[in-house]
Amino acid sequence: MKFSLKDLFGLVVSFGLIFLALTIGSGIQHWTGTSVPGSVIGMLVLFVSMAIGLVKVEWVKPGASLLIRYMILLFVPISVGLMEHFDMLIANALPIIASAIGGSLIVLVSLGWLLQRILGKEA
């Protein structure tokens, strides 16, 4: 697989923009002291900057495509961490399952109620 200098530059710019958004998000998280992770805030920063046209999608696409292509490798450290702390996971299995089911039910009921309000009660 051959890479041209233009492709390499596109990857550098793309990763630079992604990491800049991550850094800004981490800074906002640290500055505000919120419990929302900096990576999530950074993703929102990147989304908003693309939505308002500050950053073009074509600038971010090469790096994002590469990350998505090899995403499975990014789950290896998480899997190893889960195996290392499996006893803690089992000890907290009931709260984890309850919060997953409860959260899903809350989202389902809220979304159903909201859609009925927006679309009108046609059923």
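Here the Cβ of each residue, glycine as well, is placed from N, Cα and C on the backbone.
Away from its own ends, the transmembrane segment (8-28) comes close to residues 38-46, 49, 55, 59-64, 66-67 of its chain (Cβ-Cβ under 8 Å, at least six residues beyond either end). Per Swiss-Prot, transmembrane segment is recorded for 8-28 (among others).
Taking Cβ pairs closer than 8 Å, the transmembrane segment (35-55) reaches residues 17-18, 21-29 in its own chain, all 6 or more past its ends. Marked as transmembrane segment by Swiss-Prot on the basis of sequence analysis: 35-55 (among others).
Swiss-Prot lists 71-91 (among others) with the feature transmembrane segment.
Residues or ranges marked as transmembrane segment in Swiss-Prot: 94-114 (among others).
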